[in-house]
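Enquirer: Under the heading domain 'Tr-type G', TrEMBL lists A:7-189. The GTP binding site annotation in TrEMBL covers A:D19, A:H20, A:G21, A:K22, A:S23, A:T24, A:N136, A:K137, A:I138, A:D139.
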Amino acid sequence: MAANKQRNVRNFSIIAHIDHGKSTLADRILEKTKALTEREMKEQFLDAMDLERERGITIKLNAVQLQYEANDGEDYLFHLIDTPGHVDFTYEVSRSLAACEGALLVVDAAQGIEAQTLANVYLALDNDLEIIPVINKIDLPSADVERVKQEIEDVIGIPADDAILASAKSGIGIDEILERIVSDIPAPAGDPEEPTKALIFDSLYDSYRGVIAYTCIKEGSIKIGDKIKMMQTGKEFEVSELGVFTPEPVKKEELTVGDVGFLTASIKNVGDSRVGDTITLAKNPAAEPLPGYKRLNPMVYCGLFPVDADNYNDLREALERLELNDSSLQYEAETSQALGFGFRCGFLGLLHMEIIQERIEREFNIDLITTAPSVIYEVEMNDGEVLNIENPSLMPETKNIKEVREPFVKATVMVPNDFVGPVMEICQKKRGAFVDMEYLDENRVNITYDIPLSEIVYDFFDQLKSQTKGYASFDYELSGYQPSNLVKMDILLNGETVDALSFIVHRDFAYHRGKHIAEKLKKIIPRQQFEVPVQASIGNKVVARTTIKAMRKNVLSKCYGGDISRKRKLLEKQKEGKKRMKMVGKVEIPQEAFMSVLEMSDDD
Amino acid sequence: MERSVYIHIPFCHEICHYCDFAKMYYNRELADQYLNYLRTEMKLYLGDKKINSRTVYIGGGTPTSLNEQQLEKLLSIIHEFINIKETEEFTIEANPGEFSEGHVKVMRDYGINRVSLGVQVLDDDFLKLLNRNHEVRDVDQAVSTLQQYGLNNISMDFIYALPNQSIEHFRKTLDMALDYNLPHYSAYALQIEPRTVFHLRHQQGKLNKPPEEDEAEMLMMLMEKMEKAGKHHYEISNYSENGFESQHNLTYWSNQEYYAFGAGAHGYLNGERYVNLRPVNHYNQSLANQKKPVLHRETISLKEKIEEEMFLGLRRIRGVKDDEFKAKYGYSFYDFYNKEIQQLTQKGWLEDRKRQIYLTKDGFLFGNDVFASFLLDEKTYNRVIHN
């Protein structure tokens, strides 16, 4: 019985670049398998977080169980596990892929393969997944199916002559996709009689039920009432709830091999149910846990501080919650003279950082001040000691330093021919060293540069997008540390160093950037009751200086014809704006000032 | 309780580049229709019994965009609902160069006893920049026509800190304005409002507003010159001879209720602030269905009333008196604001004398900072109220 059931299970995910139509395709599949009635059908069902819908990207994983009656007359159970498309979320992708046996590779028929897709496909190949290429948007006038097929074969090296031609938007090719999932993707291999091994691939916290673990049963089974054991922590719990998503949660008595669903067991402490851990049964435990994920280390650090110091504990709690299903997020307490108590947090990349900030502000309702992101510098002292500095304000004095090394990345930019010039120019300006250039076909080029990560953390991606009209796609991986001529630049407001504004910069660019940031701060920081000098300095040497003039007048003289509500709103806005500012010494600084050291656009 | 009445005429022959009030280009048929609906609205609120109202104010838009017959019709509608005999102050806004002797006769015959002239600046180039449809010489003409018909209670409105305006330039406008020796003057600093031509230019960086320093100096000069000319400062933007303070505007600053009729008008009735539909066709449509043309209304809580009492009252030079506050709310304002009052007096922005608080000269410059500190946080409010 169980074996029969397992034979008809298919676990798969969808790999695609942003905008290539993954969410629409997922919706069509849900529709075809009648998981959703028309009425329930909200556009793009899987992107459930508000933030995801707004940004049109997937951040968190979702797993949905679908029933499909194939042409062979048999009923199949599909588990569609959604994956994020952005390079910052590679970690999440590897998690969802570990729960699958196959993947649909969706490629835009007009745009072809993008660098980020490539990274995810390689991850899938590493995981031994069966890959079914789907060429989407074939009804676009600019579609070039033959070219894309050729590209899939040349770049990825998988046969593409049987790629499915589809248009998720118009519903073309969906039937073929469903049949191919049945015929090409293998059933999960586990044995229902073996000791239980279930992978936790995601989890969230519910204040009534405790931790809800998303799990995929690789061996054996779990029933309600079973005593389970977390293999990493050794903690034991009694299962109170089991279920699957269809996509609404549906409760089950038992989950067995091949099932993908959720589990609760009154787990109150978020740390007791780590994503990537293996669940087994306390009575008959498995000998070995499942191989964990490739744990990724943070590449970018920044300080997060509550605007209101009273929210420090709330912020800690928010970070604990988020860490629960995002173990790539790291944090530790930090104290800044300027900003008080907060946390230094590590992220996989800039987007990851932005998303976490926004989630804290929205889901936990905490106003944050974020300091400019920094990478980890290796500092070799004169006495031979090597320090890892991830917070610019902690950079030791120059005279004690023998050498500073900074992380470099191998950056791959895929771009149409016409933009090779601009891309190389940006890379040069960002202190990049040319590595390689490779023509994928007659008009697409893969350019590889070795670039300091810190330059990527600045506005590299924005510049790339604007200089290539959005055509460039970009991926990077850490390539190691190299010595650089770096200095720490301090910013002084009203004569006092604001530690949260310090940053590390290449000596050749120091003067220019110091001047630029002083001017920028002059624009961002509102006039105060007194004159505020702004200085940028290296050590004791001031390299740039400007002044924020004192405020002279702030009064609304206008009458507004009896519109008192409007006056009130203006005053409330002013008060609210003040609340979101941070008092540093005697100076009130708005949140965005702390990020200003980042933006280096040439036009201002 | 007697309430003041505000009536909005949303028509203009020319749209000024800074204006964000409810307004549209004048059109004769539309204005005729509008006046009928205005009557319907007043009837919905006031019924058949005439009310007494201490002050009535006709604003815009431009009330003088109406032709003589329409003006007469408007005024007779007002007389239908209000005992104007009992009205102390009956004001109409008027644009220089836009009204005839005929208009003025109608005004006088229907009991209007105060005219507020939209002069804005006394320089033809600047008037053009604002897209005003009058010239400096029209102002002379307007004042003498009004005075000829015995309408001596005239006020002039000015805007300063205009694009490219120097302190010297504003001084000239002020001197010319004071040469008329009128009993009342208002002067507002230019405010850039969304959905105006100036806003767009400002965003494109083409507006060239004078720096904050100059704006502050203009305000200081304004206060000085007015004082010297015997027009005392009685509200942030208003100056008058004794006994010529705008009674209508004082009802706003002393936080009293008032009716408002017309498209986009703002009223305050039975503890509720409301705003009417702005587009004239929406306004008309609603009244065609005998429905009050209200776009939005909100009940003002006690906490908000207290806040408004303070930030409106402090706009007046005499400020807020604690005994009056107590009589209205049963608490002393020190119960809510002791800390704020102390801080603001220390800063030199507020004077606290004999249980009466008012803005200092410096306080005027930073009025918004003072007003914003009189918004209560829930904690303080609840502590006082539940004690």
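Residue 1 is the first one shown; counting continues down the chain.
Any Cβ shown, glycine's included, is placed from N, Cα and C.
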Enquirer: As a test of reading the model: what is the averaged pLDDT for the domain 'Tr-type G' (A:7-189)?
Expert: 76
Enquirer: Using a 10 Å radius around each Cβ and all protein chains in view, which of these binding-site residues has the most neighbours: A:S23, A:N136?
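Expert: Per the Cβ count within 10 Å, the most buried is A:N136.
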Enquirer: Given a separation of at least six residues and a C-beta threshold under 8 Å, show me what packs close to A:I138 (GTP binding site) in the same chain.
Expert: A:A109, A:V145, A:L165, A:A166, A:S167, A:I172, A:G173
Enquirer: Restricting to the same chain and to sequence separations of six or more, state which residues have a Cβ under 8 Å from that of A:G21 (GTP binding site).
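Expert: Within the chain, A:G21 (GTP binding site) has Cβ neighbours under 8 Å at A:V106, A:D108, A:N136, A:K137, A:A168, A:K169.
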Enquirer: Give the helix, strand or coil assignment DSSP yields for A:I138 (GTP binding site).
Expert: coil
